[in-house]
Amino acid sequence: MVTINENYLKLKAGYLFPEIARRVKGFAESNPDAPIIKLGIGDVTEPLPEACRTAMIKAVEEMGDRATFKGYGPEQGYAWLREAIASQDFQGRGCQIDASEIFVSDGGKCDTGNILDIFGKDNTIAVTDPVYPVYVDTNVMAGNTGPVNDRGEYGGLFYLPITADNNFTATIPDRRVDLIYLCFPNNPTGATASKADLKAWVDYARANGSVILFDAAYEAFITDPELPHSIYEIEGARECAIEFRSFSKNAGFTGTRCAYTVVPKSLKSKTADGTEVTLHQLWNRRQSTKFNGVSYIVQRGAEAVYSPEGQSQIQGLIKFYLENAQIIRQKLSDAGLTVYGGVHAPYIWVKTPQGLSSWDFFDKLLNLCYVVGTPGSGFGAAGEGYFRISAFNSRQNVEEAMSRITAQFN
Ligand code: MLT
């Protein structure tokens, strides 16, 4: 008999977003005329920027000519894209990141999950609570967790509660942990971290020999010039942090697929026998073995994000979604709900009214308002009593959803 990876059986029923989709599908089948508005999964709705489309169309034409046709590309991404990323996303902001430290990929979700391939099995792992579920589930799959307690927490994970009391930025642990997952601007709470917050984490990681896995998928939504976009804005982060970025939310690539991960060459660890190893060398080996790179066409589209037209078009998209977020914040506050986030992030974290549980509020919104959001408890035990609303939708849908909710809860 073939044995299986039984760690998968430890996972909670379904991954959060497919589980929501399943419930919504069931509702839609029994209520075929209900005009459902989805503010659940953070999926973009606005078209790809023209600069990206034009670059991709040109790349398609190149693929149709033997002289310019491309087969396999470099597993790490084409040099011209890695250089544009390094210079505009990092060096331009004073971060010493070289193009050779950038690994282009097909998604931040894949990279944050796959990164576990290069780490050992006996690390202590810290995640925030609430948290983007991928960090937890991929650790469960990798066998890094033990039994689940009655709060739904996995043994072997060290949970860092993020609550209104700590401004939704995790408090530094009073014990040593090896791997620390941080996401700012935060998914799901929409909170941001200041330079001082990140410095405290970098100092902790350096003092303890820990590695920070920093998810900056939402950095483009930061409008306050004082807030850091990258962990590498903090001195010493090159020695202790890996950063994940994505073109999904800034340039609308959720369906097109392009992202990247930064692994500085100065980030090192030691083998059991004391040999020094760079994490860059391991990730490079992992990617060149398990991944064949992102398509040439898509990488040309991503490169266009860095052109002057691309930059102005993505700024337009970000402004649009942030205005949606502002409308959601305003309307829900006017209706007496307590809201967090949504200022430098596309997510609004709402305290559920009338003491409702997260899933009860989900059902109420779906049944009474035909609006879909994401129950806070789906992101962890400390998310219970909260609800996430995504600002990714058309203006018309956001306004309509808000008027339905405020009519119901005013
Ligand atoms: C979310 O809704 O949290 C995001 O869409 C998830 C993701 O980017 O994978």
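Note: Cβ is positioned from N, Cα and C throughout, glycine not excepted.
TrEMBL does not curate its annotations; it predicts them automatically.
Note that the structure is a prediction, hence the values are computed from the model and not measured.
For the pyridoxal 5'-phosphate site that TrEMBL gives as Tyr72, Tyr132, Asn187, Tyr218, Ser246, Phe247, Ser248, Arg257, the extra residue drawn from Asn7, Asn31, Asn284, Asn292 is Asn292.
Among Gly42, Gly156, Gly316, the residue that TrEMBL places alongside Tyr15, Lys109, Tyr132, Asn187, Asn292, Arg388 at the substrate binding site is Gly42.
Our reading of the pyridoxal 5'-phosphate binding annotation (Tyr72, Tyr132, Asn187, Tyr218, Ser246, Phe247, Ser248, Arg257, Asn292) yields a largest Cα to Cα distance of 34 angstrom. A helical conformation is recorded for Lys249 (N6-(pyridoxal phosphate)lysine) in the three-state DSSP classification. For Tyr72 (pyridoxal 5'-phosphate binding site), the nearest of the binding-site residues by C-alpha distance turns out to be Lys109; the candidates were Tyr15, Gly42, Lys109, Tyr132, Arg388. Ligand 1 lies under 6 Å from the Cβ of Gly42, Lys109, Asn187, out of the binding-site residues Tyr15, Gly42, Lys109, Asn187, Ser246, Arg388. According to its DSSP assignment, Lys109 (substrate binding site) is helical.
Counting every protein chain shown, the Cβ of Tyr72 (pyridoxal 5'-phosphate binding site) has 8 other Cβ atoms within 10 Å.
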